[in-house]
Each structure stands twice: as structure tokens, then as C-alpha cells.
């Protein structure tokens with residue numbers, strides 16, 4: 001009875017570049033048959049009889065394996081040879097590239113010819129550069145060789161040598177690293193002041209629309225000026241300016257009292273002002289200006305807007321706008337407290353000390369700029 005053939009098995013696709021005809025055959029079920037003539041190992045295939053099938057000989061795989069091996073080894077050799085051929089021509093190219101060396105701790109009297117003479121014995125030098133500042137040499141420089149092989153040889157020979165009592169160091173120069181630039185000046189007009197002092201003395205403070213003094217033109221003229229000494233030049237310019245016209249938001253007499261009087265503090269009592277029938281003169285020394293019945297009238301101080309009208313003007317205007325008659329029934333202050341009579345401390349508080357502009361500026365700087373070194 002004939003044995004049925006096993007199902008046909010096709011060889012797998014070629015792998016690793018090995019042709020399909022040299023791939024090992026698929027495994028077959030091994031059966032033991034007697035009376036069959038063994039096939040010589042040199043044959044690469046198994047002979048089948050019509051009645052019986054012969055098992056696959058062990059020598060078949062052995063005969064096919066060397067064939068596959070003999071095909072792969074030359075391919076690996078060819079690939080290695082190709083890689084070597086690609087690497088060897090590139091080595092001379094790399095050696096021909098220029099290379100830069102960093103030389104540090106050189107004597108301060110060294111100049112470019114001295115450094116060129118020191119390194120010139122090792123090969124052709126393309127460039128020599130010693131770094132200087134305003135005081136002279138900084139003690140290091142750069143030497144650029146035409147070939148990297150000469151640069152490596154110079155680095156090996158000269159690194160650590162003693163030159164005029166100084167041990168020089170020669171290393172490969174690294175790529176230049178661009179450090180972050182310093183942040184730009186926050187003031188567009190070039191003022192280099194801290195925020196507190198810049199707020200007090202900066203021209204922008206006097207150029208805002210809420211400031212009642214017409215100093216915009218003066219501020220624009222001084223815009224961009226690099227100041228010294230706390231911006232005193234521009235500050236003195238504002239002080240030397242003629243007295244400004246009356247504040248638009250307050251009455252003329254009230255403006256003179258607020259601006260040309262000492263700084264009114266919260267505890268000061270209101271000074272009654274006499275009614276004025278004639279137009280207000282430009283200066284208090286005019287004969288047409290009626291005398292004030294206020295104890296402060298003898299002390300006339302021209303206050304800047306920062307210390308007088310702008311900061312304390314709101315509260316002072318409120319206090320001075322109260323009725324001048326002492327028989328007022330009741331009045332309230334800015335905190336909502338209602339008083340049935342005049343301020344009980346009206347006659348106990350005398351005139352405050354008059355501070356000059358420089359003293360007030362010093363007080364402001366000392367109080368709010370405690371971290372300023374001077």
C-alpha cells in the first residue's frame with residue numbers, strides 16, 4: 001500500500017540576501033524504512049520511489065549549510081572592504097581641516113609675533129590672536145593651524161610647558177557660545193534710575209495729562225539726557241522755572257495758598273482767606289495783592305507740584321474749602337466723621353517747619369530708597 005505524501009510545504013522567502021535556491025529545505029517527517037539504498041551526501045535532493053518515500057538524509061542539511069555559508073562570508077568581506085575604502089580617504093580630509101587652539105596663561109608681554117614664533121615650529125599657522133582689554137593683554141589667545149594634525153602635535157608638545165615662569169595651557173578651542181545680552185533699559189528715553197527715584201524725578205511724571213503744570217515742553221527737551229547725581233540737572237531746571245499759572249481745577253486764591261505755602265499736613269487748621277475783589281496778580285509781591293491774615297503769610301515757599309498740589313492737594317483743598325466762619329454748625333472730614341463745632345485742635349497746632357526742596361528730596365530718598373548705596 002502506498003504511503004500518502006505529506007502536504008506540500010513551500011520554502012520561506014529569502015532572508016539576509018540569501019537566494020531562495022540556497023535556503024535550507026523545510027523539515028519533513030522522519031520515518032524509518034528498511035531496504036532502501038542510501039543516497040550519497042553529494043546529492044542535494046532525495047530520490048523517491050513510486051511506492052515508498054525515502055526520508056531526508058542527515059547529510060542534506062550539512063551539504064546545504066556550507067553552501068549558504070560560502071555565499072555570506074564574501075558578502076560580509078566585501079561590505080567591510082567597502083567601509084574601509086570609505087573611511088581611509090576621509091582621514092586625510094579631516095587632517096587637512098584647520099584647527100584652532102586656545103592658549104591660556106601666557107605672559108602678559110606676549111604679542112602676536114611671539115605666539116606665532118612659539119607655535120610656528122609645528123606647522124603652518126593661519127591666524128594668531130591675543131585677547132586684549134583697555135589695560136593690556138588678558139593672558140590668553142588663539143592659534144589657528146592649517147591642519148588639525150599639526151595642531152594636535154603642538155598641543156601635545158606645548159601643553160604644560162613653562163614660559164617665563166608661567167605654565168601655559170594649550171587646549172582645543174571650543175565653539176563660541178553667545179551669552180545672553182543684558183536686558184534693555186526699561187526706560188525708553190534713557191533714564192537709568194530705580195523705579196522710586198525715577199517716579200519722583202523722571203520727566204514723564206511732569207508730562208502726564210493730570211499734572212497741572214505746563215512743563216511738557218521742558219520734559220521733551222530733556223528727554224533722553226543721561227543724568228548724573230540723581231537727575232539734579234533736570235530737577236533744578238524745574239525748580240528754576242517761573243511760577244506756573246493757577247491750577248485749573250481749583251480757585252486762584254486756593255492755588256496760591258496750596259502751592260506757595262509750606263506742605264499742609266493733616267493736622268493743620270484751615271486759614272480763612274479774605275475775599276478778593278481785584279484780579280489776582282502774577283506774584284505775591286505785587287501791590288495789588290491784598291495781605292493774607294494767615295500766620296503762614298510771612299513764609300512764602302515755592303513748593304514743587306510733587307510735594308504740594310499733587311499729593312497733598314486733595315485733602316488740603318477739601319480742608320481749605322470749608323466755610324471760613326467759626327460759627328459753622330457742623331462739618332465732616334474725609335473719613336465721614338461729623339463734627340458739631342470747629343476743630344478743637346485749631347489753636348494748639350502752630351506753623352510747621354519749612355523744609356527746602358533739597359531737604360525734602362533727601363527725606364524722600366532716605367525714606368523710600370533704603371537700598372540705594374548713596
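These residue numbers are counts, starting from 1, taken along the chain as shown.
Glycine too: its Cβ is placed from the backbone N, Cα and C atoms.
Copied over from Swiss-Prot:
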type	residues	note
COMPBIAS	1-29	compositional bias 'Pro residues'
REGION	1-105	region 'Disordered'
COMPBIAS	49-74	compositional bias 'Polar residues'
DOMAIN	99-175	domain 'RRM'
SITE	100	site 'Interaction with RNA'
SITE	108	site 'Interaction with RNA'
SITE	109	site 'Interaction with RNA'
SITE	133	site 'Interaction with RNA'
SITE	138	site 'Interaction with RNA'
SITE	142	site 'Interaction with RNA'
SITE	166	site 'Interaction with RNA'
SITE	176	site 'Interaction with RNA'
MOD_RES	223	asymmetric dimethylarginine
MOD_RES	223	omega-N-methylarginine
MOD_RES	319	asymmetric dimethylarginine
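Known features from Swiss-Prot, placed on the structure.
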residue: 100; record: site 'Interaction with RNA'; Cβ within 10 Å: 17
residue: 108; record: site 'Interaction with RNA'; Cβ within 10 Å: 12
residue: 109; record: site 'Interaction with RNA'; Cβ within 10 Å: 9
residue: 133; record: site 'Interaction with RNA'; Cβ within 10 Å: 7
residue: 138; record: site 'Interaction with RNA'; Cβ within 10 Å: 13
residue: 142; record: site 'Interaction with RNA'; Cβ within 10 Å: 15
residue: 166; record: site 'Interaction with RNA'; Cβ within 10 Å: 15
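Take the Cα of residue 108 (site 'Interaction with RNA') and measure to each of the recorded sites 100, 133, 138, 142, 166: the nearest one is 138. Checked against residue 138 (site 'Interaction with RNA'), the recorded sites 100, 109, 166 differ in C-alpha distance, with 109 being the nearest. For the pair formed by residue 142 (site 'Interaction with RNA') and residue 133 (site 'Interaction with RNA'), distance between Cα atoms is given as 15 Å, rounded to the nearest Å.
DSSP assigns residue 108 (site 'Interaction with RNA') to coil in the three-state reduction, outside any helix or strand. With DSSP classes pooled into helix, strand and coil, the tally for the domain 'RRM' (99-175) is 22 helix, 33 strand, 22 coil.
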